[in-house]
Amino acid sequence: MDKLLIEGGVRLAGEAAISGAKNAALPILCAALLTREPVTLTNVPQLNDIDTLLNLLGQMGVKVSRDNAAVTLDASAIDNPVAPYEMVKTMRASILVLGPLVARCGEARVSLPGGCAIGARPVDQHIKGLQAMGAQVTVEHGYVHAVVSRLAGARLFTDMVTVTGTENLMMAACLADGETVIENAAREPEVVDLANCLVAMGARISGAGTDVIRIRGVDRLNGATHRIMPDRIETGTYLCAAAATGGEIRLTRTSTAYLDAVVDKLMDAGCDVVTERDAIRLKAPARLTSVNIRTSPYPAFPTDMQAQFMAINAVASGAAMIRETIFENRFMHAVELQRLGADIRIDGNTAVVQGVERLQGATVMATDLRASASLVIAGLVAEGETVIERIYHLDRGYERLEEKLAALGAHVRRIA
């Protein structure tokens, strides 16, 4: 199993290009199930999660062709509307085939999902919404089985803000009979990107980006070409890496448009951040000032950046309080950061981080995707060598990580 070896103490400098957003690409790939016509997507990142989903779609009968960052999907013949456990167990986003399959085929059988082990992320909101639209849904032997002749528009209220739930129900509603209204909808930019693609395919959607989304169903959707938005979490991760090392970098093919909460905190920490057209510059001070963090749904501070900010607070001046309000059990990286010398105390959903002068290299273990990123950042700052085990988590969400870090001057390589 591969590991990542980092020789710390190097100030990051230079330029790197940001990839397309994994969390936008995954639902948009699933949206291709809604039409018999080809859908072409560009700026698709080359990641393990993307490969897993493309393999799953292929098993269902979708013809997939890929040329680097361009993917064309032809779902004219779906002959197997099933997502088996073997394909689903490593990736929670596979639940996103449920809505499109039910809407298009009238039936779906999808294994309950896996993915990062960061607490309970139930699919009950997906099921409740499909039931309100007329589907008969059962959960047996680890599978969600949904059947309907045609979905009917309905007024849906999610008990909690759920990104994948909003996406699943929005896709399902595109082919429903009548109007569907999703209240308490997720407002994330990735939801908007999905809506933009669906509209290009002929869907009638309004309100994406607000907490009330309206979808008027149509009889059929068309093919389309769509460019996946830049990955705001990858962008934030590299900004944090530069900030932690006292570096100065320029990130291209990205924007601060969806990163206000992250950029504000980096500036509070002492960084200069300049937005250019399709690029961001960051210049960090010699040592950061600690910043308090509270995660909340978009447009507030994203939970997917919590671990990275724990890493930069670990070497900042002062003490910081980090509150995680989205997921339970999302402080598993704290123990690994402590192995590097970080001073962190956990009390329920709150972490108190007292910045230290320096971290020391050690062997640490990644526990989930964003936790892996925090360990990379800490390893870049630490004195000596840091070895990160179980980096398959990183391969799920960061395209060409070693190559991009090396372009910024980091001493990092993959080892067996």
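Using the three backbone atoms N, Cα and C, a Cβ is placed for every residue, glycine included.
If you check Swiss-Prot, you get these features:
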- K22, N23: phosphoenolpyruvate binding site (BINDING)
- R92, R121, P122, V123, D124, Q125, D304, I326: UDP-N-acetyl-alpha-D-glucosamine binding site (BINDING)
- C116: active site, proton donor (ACT_SITE)
- C116: 2-(S-cysteinyl)pyruvic acid O-phosphothioketal (MOD_RES)
(request) Would you please pick out, from the binding-site residues K22, R92, the one with the fewest other Cβ atoms within 10 Å of its Cβ? (result) R92
(message) Please report the Cα separation of N23 (phosphoenolpyruvate binding site) and I326 (UDP-N-acetyl-alpha-D-glucosamine binding site) in Å, rounded to an integer.
(response) 17
(request) Would you mind reading off the Cα separation of V123 (UDP-N-acetyl-alpha-D-glucosamine binding site) from K22 (phosphoenolpyruvate binding site), to the nearest angstrom? (result) 20
(request) Any same-chain residues 6+ apart from I326 (UDP-N-acetyl-alpha-D-glucosamine binding site) with CB under 8 Å of its CB? Would you list them in sequence order, or say none? (result) T295, S296, P297, T303
(request) Determine the minimum-neighbour residue: among N23, Q125, listed as binding-site residues, which Cβ has the fewest other Cβ atoms within 10 angstroms? (result) Q125
(request) For the binding-site residues D124, D304, work out the Cβ neighbour count at 10 Å and name the residue with the minimum. (result) D124
(request) Name the secondary structure element type, per DSSP in three states, that contains V123 (UDP-N-acetyl-alpha-D-glucosamine binding site). (result) coil
(message) Between D124 (UDP-N-acetyl-alpha-D-glucosamine binding site) and K22 (phosphoenolpyruvate binding site), how many Å separate their Cα atoms?
(response) 23
(message) Please report the Cα separation of D304 (UDP-N-acetyl-alpha-D-glucosamine binding site) and K22 (phosphoenolpyruvate binding site) in Å, rounded to an integer.
(response) 12
(message) What does the structure give for the C-alpha distance between K22 (phosphoenolpyruvate binding site) and R92 (UDP-N-acetyl-alpha-D-glucosamine binding site)? Integer Å is fine.
(response) 13
